Amino acid sequence: METEQPEETFPNTETNGEFGKRPAEDMEEEQAFKRSRNTDEMVELRILLQSKNAGAVIGKGGKNIKALRTDYNASVSVPDSSGPERILSISADIETIGEILKKIIPTLEEGLQLPSPTATSQLPLESDAVECLNYQHYKGSDFDCELRLLIHQSLAGGIIGVKGAKIKELRENTQTTIKLFQECCPQSTDRVVLIGGKPDRVVECIKIILDLISESPIKGRAQPYDPNFYDETYDYGGFTMMFDDRRGRPVGFPMRGRGGFDRMPPGRGGRPMPPSRRDYDDMSPRRGPPPPPPGRGGRGGSRARNLPLPPPPPPRGGDLMAYDRRGRPGDRYDGMVGFSADETWDSAIDTWSPSEWQMAYEPQGGSGYDYSYAGGRGSYGDLGGPIITTQVTIPKDLAGSIIGKGGQRIKQIRHESGASIKIDEPLEGSEDRIITITGTQDQIQNAQYLLQNSVKQYADVEGF
(Lines of atoms letter the chains of each structure in order from A and count residues from 1; the text may use other names and numbers.)
(Lines give C-alpha, C1' and ligand atoms only; values in the text may rest on other atoms or scores of the structure.)
Protein backbone atom coordinates (compact mmCIF):
# COMPACT_ATOMS: atom_id res chain seq x y z
CA MET A 1 0.00 0.00 0.00
CA GLU A 2 1.42 3.33 -1.02
CA THR A 3 1.09 6.12 1.51
CA GLU A 4 1.27 9.82 0.85
CA GLN A 5 4.08 12.15 1.77
CA PRO A 6 3.14 15.75 0.96
CA GLU A 7 6.50 17.48 1.33
CA GLU A 8 9.19 15.38 -0.36
CA THR A 9 9.49 15.60 -4.14
CA PHE A 10 12.24 14.65 -6.54
CA PRO A 11 14.11 17.39 -8.42
CA ASN A 12 12.98 17.83 -12.02
CA THR A 13 15.27 15.82 -14.26
CA GLU A 14 14.86 18.23 -17.15
CA THR A 15 15.70 21.38 -15.21
CA ASN A 16 18.28 20.07 -12.76
CA GLY A 17 21.34 18.71 -14.49
CA GLU A 18 22.58 17.19 -11.27
CA PHE A 19 20.07 14.38 -11.60
CA GLY A 20 20.16 14.09 -15.38
CA LYS A 21 23.11 12.93 -17.48
CA ARG A 22 26.30 12.60 -15.49
CA PRO A 23 29.12 15.01 -16.33
CA ALA A 24 31.97 13.77 -18.50
CA GLU A 25 34.47 13.74 -15.64
CA ASP A 26 32.25 11.35 -13.69
CA MET A 27 32.05 9.02 -16.66
CA GLU A 28 35.83 9.07 -17.02
CA GLU A 29 36.26 8.33 -13.35
CA GLU A 30 34.03 5.30 -13.60
CA GLN A 31 36.26 3.79 -16.27
CA ALA A 32 38.55 2.82 -13.39
CA PHE A 33 35.95 0.25 -12.36
CA LYS A 34 35.83 -2.30 -15.17
CA ARG A 35 32.59 -4.27 -15.35
CA SER A 36 31.86 -6.98 -17.89
CA ARG A 37 28.08 -6.82 -17.83
CA ASN A 38 25.25 -6.90 -20.29
CA THR A 39 23.82 -3.44 -19.74
CA ASP A 40 20.39 -4.54 -20.99
CA GLU A 41 20.08 -7.36 -18.46
CA MET A 42 17.28 -6.84 -15.95
CA VAL A 43 18.21 -7.34 -12.31
CA GLU A 44 16.43 -6.71 -9.04
CA LEU A 45 17.82 -4.53 -6.26
CA ARG A 46 16.33 -4.60 -2.77
CA ILE A 47 17.23 -1.84 -0.32
CA LEU A 48 16.24 -1.88 3.35
CA LEU A 49 14.69 1.46 4.35
CA GLN A 50 13.34 2.99 7.50
CA SER A 51 9.55 3.03 7.23
CA LYS A 52 9.55 6.80 7.68
CA ASN A 53 11.56 7.12 4.46
CA ALA A 54 8.99 5.31 2.33
CA GLY A 55 6.87 8.42 1.96
CA ALA A 56 9.77 10.35 0.44
CA VAL A 57 10.20 7.67 -2.21
CA ILE A 58 6.47 7.38 -2.91
CA GLY A 59 5.60 11.08 -2.81
CA LYS A 60 2.25 12.79 -2.48
CA GLY A 61 -0.38 10.70 -4.16
CA GLY A 62 2.36 8.38 -5.42
CA LYS A 63 3.80 11.16 -7.59
CA ASN A 64 7.47 10.35 -7.02
CA ILE A 65 7.28 6.61 -7.49
CA LYS A 66 5.12 6.97 -10.61
CA ALA A 67 7.68 9.38 -12.08
CA LEU A 68 10.48 6.90 -11.43
CA ARG A 69 8.56 4.11 -13.13
CA THR A 70 7.74 6.27 -16.15
CA ASP A 71 11.00 8.18 -16.59
CA TYR A 72 13.23 5.13 -16.23
CA ASN A 73 10.91 2.39 -17.53
CA ALA A 74 11.61 0.47 -14.34
CA SER A 75 9.65 -1.48 -11.77
CA VAL A 76 9.82 0.39 -8.44
CA SER A 77 7.87 -0.58 -5.33
CA VAL A 78 7.89 0.00 -1.58
CA PRO A 79 5.46 -2.52 -0.06
CA ASP A 80 3.79 -1.55 3.19
CA SER A 81 4.80 -3.11 6.49
CA SER A 82 3.72 -2.88 10.10
CA GLY A 83 7.27 -2.52 11.46
CA PRO A 84 10.00 0.13 11.41
CA GLU A 85 11.47 -1.16 8.15
CA ARG A 86 10.34 -1.39 4.54
CA ILE A 87 11.98 -2.68 1.38
CA LEU A 88 12.57 -0.61 -1.74
CA SER A 89 12.56 -2.94 -4.74
CA ILE A 90 13.86 -1.80 -8.14
CA SER A 91 13.91 -3.96 -11.27
CA ALA A 92 15.80 -2.56 -14.26
CA ASP A 93 19.19 -2.82 -15.92
CA ILE A 94 22.12 -2.01 -13.65
CA GLU A 95 22.91 1.41 -15.10
CA THR A 96 19.29 2.50 -14.75
CA ILE A 97 19.20 1.28 -11.15
CA GLY A 98 22.22 3.47 -10.48
CA GLU A 99 20.47 6.56 -11.88
CA ILE A 100 17.35 5.85 -9.82
CA LEU A 101 19.40 5.52 -6.64
CA LYS A 102 21.11 8.84 -7.28
CA LYS A 103 17.71 10.44 -7.51
CA ILE A 104 16.35 8.76 -4.38
CA ILE A 105 19.31 9.19 -2.00
CA PRO A 106 18.97 12.98 -1.47
CA THR A 107 15.37 12.53 -0.28
CA LEU A 108 16.18 10.00 2.42
CA GLU A 109 16.33 10.95 6.06
CA GLU A 110 19.73 10.81 7.66
CA GLY A 111 18.56 9.82 11.12
CA LEU A 112 17.54 11.33 14.40
CA GLN A 113 19.39 14.39 15.66
CA LEU A 114 18.78 16.44 18.75
CA PRO A 115 17.85 20.03 17.89
CA SER A 116 20.43 22.75 18.46
CA PRO A 117 20.28 26.53 18.02
CA THR A 118 22.14 26.16 14.74
CA ALA A 119 19.91 23.39 13.47
CA THR A 120 16.68 25.08 14.46
CA SER A 121 17.70 28.29 12.75
CA GLN A 122 18.37 26.50 9.48
CA LEU A 123 15.63 23.90 9.34
CA PRO A 124 11.89 24.17 10.04
CA LEU A 125 11.08 21.94 12.98
CA GLU A 126 7.77 20.12 13.19
CA SER A 127 8.53 19.28 16.81
CA ASP A 128 10.73 20.74 19.50
CA ALA A 129 11.78 17.26 20.60
CA VAL A 130 13.70 15.75 17.70
CA GLU A 131 14.17 16.53 14.05
CA CYS A 132 14.90 14.13 11.21
CA LEU A 133 17.52 15.70 8.98
CA ASN A 134 17.40 15.18 5.25
CA TYR A 135 20.22 14.54 2.81
CA GLN A 136 18.48 17.06 0.56
CA HIS A 137 19.73 20.00 2.62
CA TYR A 138 23.28 19.33 1.39
CA LYS A 139 24.54 21.17 -1.66
CA GLY A 140 25.40 18.87 -4.55
CA SER A 141 26.47 15.33 -3.70
CA ASP A 142 29.41 16.06 -1.40
CA PHE A 143 28.01 14.35 1.68
CA ASP A 144 28.16 10.91 3.25
CA CYS A 145 25.25 8.53 2.98
CA GLU A 146 24.59 4.86 3.48
CA LEU A 147 22.37 2.20 1.95
CA ARG A 148 21.52 -1.31 3.12
CA LEU A 149 21.50 -3.84 0.31
CA LEU A 150 19.73 -7.19 0.78
CA ILE A 151 21.32 -10.26 -0.79
CA HIS A 152 20.73 -14.00 -0.55
CA GLN A 153 23.07 -15.60 1.96
CA SER A 154 24.60 -17.89 -0.68
CA LEU A 155 25.84 -14.84 -2.63
CA ALA A 156 27.94 -13.49 0.23
CA GLY A 157 31.01 -15.44 -0.80
CA GLY A 158 31.07 -13.77 -4.20
CA ILE A 159 31.27 -10.37 -2.51
CA ILE A 160 33.84 -11.41 0.08
CA GLY A 161 36.13 -13.26 -2.31
CA VAL A 162 39.01 -15.57 -1.44
CA LYS A 163 40.37 -14.57 1.98
CA GLY A 164 38.43 -11.30 1.74
CA ALA A 165 40.24 -10.12 -1.39
CA LYS A 166 37.12 -9.05 -3.29
CA ILE A 167 35.54 -7.00 -0.51
CA LYS A 168 38.89 -5.33 0.17
CA GLU A 169 39.20 -4.46 -3.52
CA LEU A 170 35.67 -3.05 -3.53
CA ARG A 171 36.42 -0.86 -0.53
CA GLU A 172 39.60 0.49 -2.05
CA ASN A 173 38.34 0.99 -5.62
CA THR A 174 35.05 2.65 -4.68
CA GLN A 175 36.34 4.40 -1.55
CA THR A 176 33.37 3.16 0.46
CA THR A 177 32.88 1.36 3.74
CA ILE A 178 31.29 -2.08 3.38
CA LYS A 179 29.95 -4.33 6.11
CA LEU A 180 28.46 -7.72 5.35
CA PHE A 181 26.49 -8.92 8.35
CA GLN A 182 26.76 -12.55 9.39
CA GLU A 183 23.24 -13.05 10.67
CA CYS A 184 20.32 -13.33 8.25
CA CYS A 185 17.32 -11.05 8.58
CA PRO A 186 14.57 -12.58 10.75
CA GLN A 187 12.85 -15.59 9.18
CA SER A 188 14.68 -15.16 5.87
CA THR A 189 17.73 -16.15 3.87
CA ASP A 190 18.73 -12.51 3.25
CA ARG A 191 21.81 -10.79 4.63
CA VAL A 192 22.43 -7.06 4.86
CA VAL A 193 25.32 -5.37 3.08
CA LEU A 194 25.80 -1.90 4.59
CA ILE A 195 27.58 0.50 2.24
CA GLY A 196 28.64 4.02 3.25
CA GLY A 197 30.39 6.91 1.54
CA LYS A 198 29.74 9.67 -0.99
CA PRO A 199 26.52 9.04 -2.98
CA ASP A 200 28.27 8.50 -6.31
CA ARG A 201 30.68 6.06 -4.70
CA VAL A 202 27.95 4.16 -2.88
CA VAL A 203 25.95 3.83 -6.09
CA GLU A 204 29.01 2.68 -8.02
CA CYS A 205 29.74 0.07 -5.35
CA ILE A 206 26.17 -1.24 -5.51
CA LYS A 207 26.37 -1.48 -9.30
CA ILE A 208 29.54 -3.57 -9.05
CA ILE A 209 27.95 -5.81 -6.42
CA LEU A 210 24.86 -6.28 -8.60
CA ASP A 211 27.12 -7.27 -11.46
CA LEU A 212 28.93 -9.78 -9.25
CA ILE A 213 25.84 -11.47 -7.85
CA SER A 214 23.92 -11.44 -11.14
CA GLU A 215 26.49 -13.90 -12.47
CA SER A 216 26.05 -16.29 -9.53
CA PRO A 217 23.02 -18.57 -9.14
CA ILE A 218 21.32 -18.69 -5.76
CA LYS A 219 22.03 -21.90 -3.88
CA GLY A 220 19.61 -23.49 -1.46
CA ARG A 221 16.28 -22.30 -0.17
CA ALA A 222 15.30 -18.68 -0.85
CA GLN A 223 13.12 -16.86 1.66
CA PRO A 224 13.19 -13.07 1.03
CA TYR A 225 13.03 -10.88 4.11
CA ASP A 226 9.56 -9.69 5.09
CA PRO A 227 9.87 -6.55 7.28
CA ASN A 228 6.67 -7.55 9.07
CA PHE A 229 8.78 -10.21 10.81
CA TYR A 230 11.38 -7.76 12.10
CA ASP A 231 12.77 -8.82 15.47
CA GLU A 232 14.54 -6.48 17.88
CA THR A 233 16.70 -9.27 19.27
CA TYR A 234 18.32 -10.15 15.93
CA ASP A 235 21.66 -8.59 15.03
CA TYR A 236 21.20 -8.55 11.26
CA GLY A 237 22.16 -4.98 10.37
CA GLY A 238 18.68 -3.48 10.25
CA PHE A 239 17.89 -0.02 11.51
CA THR A 240 16.62 -1.28 14.85
CA MET A 241 19.98 -2.94 15.49
CA MET A 242 22.33 -0.33 14.03
CA PHE A 243 20.82 3.01 14.83
CA ASP A 244 21.82 4.91 17.95
CA ASP A 245 18.89 7.23 18.51
CA ARG A 246 20.84 9.51 20.84
CA ARG A 247 23.33 10.52 18.19
CA GLY A 248 21.50 9.85 14.94
CA ARG A 249 24.36 7.83 13.51
CA PRO A 250 24.52 4.10 12.84
CA VAL A 251 26.58 2.22 15.38
CA GLY A 252 29.85 1.08 13.83
CA PHE A 253 30.20 3.92 11.33
CA PRO A 254 32.10 7.05 12.33
CA MET A 255 30.84 10.59 12.50
CA ARG A 256 31.18 12.56 9.31
CA GLY A 257 34.31 14.65 8.81
CA ARG A 258 35.67 16.85 6.07
CA GLY A 259 37.29 13.90 4.39
CA GLY A 260 34.21 11.68 4.41
CA PHE A 261 34.30 8.44 6.34
CA ASP A 262 37.36 8.25 8.58
CA ARG A 263 39.73 5.43 7.85
CA MET A 264 41.69 3.14 10.08
CA PRO A 265 45.48 3.12 9.80
CA PRO A 266 47.06 1.28 6.85
CA GLY A 267 46.91 -2.45 7.10
CA ARG A 268 43.32 -2.54 8.32
CA GLY A 269 41.79 -2.73 4.86
CA GLY A 270 40.43 0.80 4.85
CA ARG A 271 37.77 0.08 7.44
CA PRO A 272 36.30 2.91 9.48
CA MET A 273 37.13 3.60 13.06
CA PRO A 274 34.19 2.97 15.39
CA PRO A 275 32.60 5.82 17.33
CA SER A 276 34.42 7.02 20.40
CA ARG A 277 33.78 4.98 23.52
CA ARG A 278 33.06 8.24 25.33
CA ASP A 279 29.84 8.54 23.32
CA TYR A 280 28.49 5.53 25.18
CA ASP A 281 29.78 6.10 28.71
CA ASP A 282 26.48 7.50 29.97
CA MET A 283 24.64 4.39 28.82
CA SER A 284 27.11 1.87 30.15
CA PRO A 285 26.18 -0.19 33.18
CA ARG A 286 29.88 -0.07 34.07
CA ARG A 287 30.90 3.22 35.61
CA GLY A 288 34.58 3.44 34.80
CA PRO A 289 37.48 1.01 34.99
CA PRO A 290 38.59 -0.97 38.00
CA PRO A 291 41.52 0.34 40.03
CA PRO A 292 44.95 0.04 38.42
CA PRO A 293 46.70 -3.30 38.87
CA PRO A 294 49.85 -3.67 40.93
CA GLY A 295 52.84 -2.07 39.29
CA ARG A 296 50.72 -0.21 36.71
CA GLY A 297 49.85 2.96 38.55
CA GLY A 298 49.93 4.96 35.35
CA ARG A 299 46.59 3.46 34.42
CA GLY A 300 44.88 5.57 37.04
CA GLY A 301 45.25 8.81 35.11
CA SER A 302 42.66 10.68 33.07
CA ARG A 303 43.15 8.42 30.07
CA ALA A 304 42.13 5.38 32.07
CA ARG A 305 38.93 7.01 33.26
CA ASN A 306 37.51 6.69 29.76
CA LEU A 307 38.28 2.98 29.57
CA PRO A 308 35.64 0.35 30.31
CA LEU A 309 36.16 -2.62 32.54
CA PRO A 310 38.41 -4.93 30.55
CA PRO A 311 37.20 -8.24 29.23
CA PRO A 312 38.16 -11.22 31.34
CA PRO A 313 41.40 -13.10 30.82
CA PRO A 314 41.17 -16.52 29.15
CA PRO A 315 38.74 -18.82 30.98
CA ARG A 316 40.19 -20.76 33.85
CA GLY A 317 38.08 -23.79 33.24
CA GLY A 318 34.93 -23.47 31.23
CA ASP A 319 32.23 -21.15 30.05
CA LEU A 320 31.97 -17.74 31.70
CA MET A 321 28.17 -17.66 31.61
CA ALA A 322 26.67 -19.58 34.50
CA TYR A 323 23.86 -18.15 36.58
CA ASP A 324 21.85 -19.15 39.54
CA ARG A 325 18.17 -18.20 39.51
CA ARG A 326 18.94 -14.79 40.96
CA GLY A 327 21.15 -13.97 38.00
CA ARG A 328 24.41 -14.25 39.92
CA PRO A 329 27.31 -16.49 38.94
CA GLY A 330 26.80 -19.95 40.33
CA ASP A 331 28.63 -23.24 40.41
CA ARG A 332 26.79 -24.66 37.43
CA TYR A 333 23.73 -24.06 35.34
CA ASP A 334 22.57 -26.49 32.67
CA GLY A 335 25.90 -28.27 32.79
CA MET A 336 28.03 -25.21 32.07
CA VAL A 337 30.98 -24.39 34.27
CA GLY A 338 31.34 -20.88 35.65
CA PHE A 339 32.77 -19.10 38.64
CA SER A 340 31.94 -20.53 42.01
CA ALA A 341 29.43 -18.72 44.15
CA ASP A 342 32.14 -16.99 46.17
CA GLU A 343 34.23 -16.00 43.13
CA THR A 344 32.28 -13.32 41.34
CA TRP A 345 33.90 -10.98 38.84
CA ASP A 346 34.33 -8.39 41.58
CA SER A 347 36.52 -10.74 43.57
CA ALA A 348 38.15 -12.42 40.57
CA ILE A 349 39.66 -9.27 39.11
CA ASP A 350 41.33 -8.50 42.43
CA THR A 351 43.47 -11.61 41.95
CA TRP A 352 44.62 -10.84 38.40
CA SER A 353 48.34 -10.76 37.82
CA PRO A 354 49.95 -7.75 36.09
CA SER A 355 50.27 -9.83 32.92
CA GLU A 356 46.54 -10.58 32.96
CA TRP A 357 45.74 -6.90 33.40
CA GLN A 358 48.06 -6.03 30.54
CA MET A 359 46.43 -8.62 28.31
CA ALA A 360 42.96 -7.40 29.22
CA TYR A 361 43.77 -3.74 28.64
CA GLU A 362 45.97 -4.30 25.61
CA PRO A 363 44.49 -7.23 23.64
CA GLN A 364 46.55 -6.37 20.56
CA GLY A 365 49.65 -5.02 22.26
CA GLY A 366 48.73 -1.38 21.80
CA SER A 367 48.20 1.35 24.36
CA GLY A 368 44.81 1.57 25.95
CA TYR A 369 41.78 -0.51 25.09
CA ASP A 370 41.33 -1.43 21.42
CA TYR A 371 37.82 -0.90 20.08
CA SER A 372 38.51 -1.96 16.53
CA TYR A 373 36.43 -5.06 17.15
CA ALA A 374 33.28 -3.01 17.67
CA GLY A 375 33.58 -1.33 14.31
CA GLY A 376 34.07 -4.57 12.45
CA ARG A 377 31.14 -6.57 13.70
CA GLY A 378 29.81 -8.92 11.08
CA SER A 379 32.21 -8.17 8.23
CA TYR A 380 34.83 -10.53 6.90
CA GLY A 381 38.40 -9.88 7.91
CA ASP A 382 37.53 -7.23 10.49
CA LEU A 383 37.52 -9.56 13.45
CA GLY A 384 41.15 -10.37 14.14
CA GLY A 385 40.74 -14.13 14.35
CA PRO A 386 38.61 -17.14 13.37
CA ILE A 387 34.88 -16.82 13.84
CA ILE A 388 33.40 -19.27 16.34
CA THR A 389 29.96 -19.76 17.85
CA THR A 390 29.00 -20.69 21.38
CA GLN A 391 25.67 -21.07 23.16
CA VAL A 392 24.74 -20.39 26.76
CA THR A 393 21.48 -20.87 28.63
CA ILE A 394 19.74 -18.56 31.07
CA PRO A 395 16.42 -18.73 32.90
CA LYS A 396 13.81 -17.08 30.72
CA ASP A 397 12.77 -14.72 33.51
CA LEU A 398 16.25 -13.13 33.37
CA ALA A 399 16.14 -12.33 29.66
CA GLY A 400 14.63 -8.91 30.27
CA SER A 401 17.64 -7.84 32.32
CA ILE A 402 19.79 -8.47 29.23
CA ILE A 403 17.49 -7.16 26.51
CA GLY A 404 16.42 -3.95 28.27
CA LYS A 405 13.67 -1.56 27.26
CA GLY A 406 13.25 -1.56 23.50
CA GLY A 407 16.32 -3.78 23.17
CA GLN A 408 18.67 -0.96 24.19
CA ARG A 409 20.73 -3.05 26.58
CA ILE A 410 21.39 -5.92 24.17
CA LYS A 411 22.23 -3.40 21.43
CA GLN A 412 24.87 -1.85 23.66
CA ILE A 413 26.34 -5.23 24.57
CA ARG A 414 26.59 -6.12 20.88
CA HIS A 415 28.29 -2.84 20.12
CA GLU A 416 30.77 -2.96 22.99
CA SER A 417 31.73 -6.61 22.51
CA GLY A 418 31.66 -6.65 18.71
CA ALA A 419 29.97 -10.06 18.83
CA SER A 420 26.76 -11.17 17.17
CA ILE A 421 24.26 -12.11 19.90
CA LYS A 422 20.92 -13.82 19.33
CA ILE A 423 18.44 -14.65 22.09
CA ASP A 424 16.06 -17.45 21.11
CA GLU A 425 12.50 -17.62 22.35
CA PRO A 426 11.98 -20.30 25.02
CA LEU A 427 10.81 -23.65 23.73
CA GLU A 428 7.32 -24.74 24.71
CA GLY A 429 7.34 -25.92 28.28
CA SER A 430 10.91 -24.77 28.85
CA GLU A 431 12.01 -22.37 31.56
CA ASP A 432 15.21 -21.47 29.72
CA ARG A 433 16.31 -19.36 26.76
CA ILE A 434 19.36 -20.03 24.63
CA ILE A 435 21.77 -17.21 23.79
CA THR A 436 23.90 -17.77 20.68
CA ILE A 437 27.11 -15.71 20.53
CA THR A 438 29.22 -15.52 17.36
CA GLY A 439 32.58 -13.80 16.96
CA THR A 440 36.24 -14.18 17.76
CA GLN A 441 37.29 -15.72 21.04
CA ASP A 442 37.99 -12.26 22.47
CA GLN A 443 34.61 -10.94 21.35
CA ILE A 444 32.77 -13.91 22.80
CA GLN A 445 34.58 -13.59 26.14
CA ASN A 446 33.80 -9.90 26.29
CA ALA A 447 30.15 -10.50 25.36
CA GLN A 448 29.79 -13.15 28.05
CA TYR A 449 31.21 -10.80 30.64
CA LEU A 450 28.89 -7.97 29.59
CA LEU A 451 25.86 -10.29 29.61
CA GLN A 452 26.76 -11.52 33.07
CA ASN A 453 27.31 -7.99 34.30
CA SER A 454 23.93 -6.90 32.92
CA VAL A 455 22.13 -9.69 34.75
CA LYS A 456 23.99 -8.94 37.98
CA GLN A 457 23.15 -5.26 37.80
CA TYR A 458 19.54 -5.30 36.59
CA ALA A 459 17.97 -8.61 37.66
CA ASP A 460 17.31 -7.51 41.24
CA VAL A 461 16.68 -3.85 40.44
CA GLU A 462 14.02 -4.57 37.84
CA GLY A 463 12.47 -7.43 39.75
CA PHE A 464 13.35 -10.29 37.41
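A Cβ is built for glycine as well, from the same backbone N, Cα and C atoms used for every other residue.
The region 'Necessary for interaction with DDX1' annotation in Swiss-Prot covers 1-276, and the record cites similarity to another entry as its basis.
Taken from Swiss-Prot, the feature repeat '1-1' covers 54-76. The average pLDDT the prediction assigns to the repeat '1-1' (54-76) is 92.
The repeat '3-1' annotation in Swiss-Prot covers 59-62. Across the repeat '3-1' (59-62), DSSP assigns 3 helix, 0 strand, 1 coil.
Sequence annotations record features per position, and here Swiss-Prot assigns region 'RNA-binding RGG-box' to 236-273.
Taken from Swiss-Prot, the feature repeat '2-1' applies to 245-250.
Annotation source Swiss-Prot lists repeat '3-2' at 257-260.
Residues or ranges marked as repeat '3-3' in Swiss-Prot: 267-270.
What Swiss-Prot lists as repeat '3-4' is 295-298.
What Swiss-Prot records for 324-329 is repeat '2-2'.
The feature phosphotyrosine is assigned by Swiss-Prot to TYR380, with similarity to another entry given as support.
Residues or ranges marked as repeat '1-2' by Swiss-Prot: 399-421.
Swiss-Prot lists 404-407 with the feature repeat '3-5'.
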Helix, strand and coil totals (DSSP H, G, I; E, B; other) for the repeat '1-1' (54-76): 18 helix, 2 strand, 3 coil
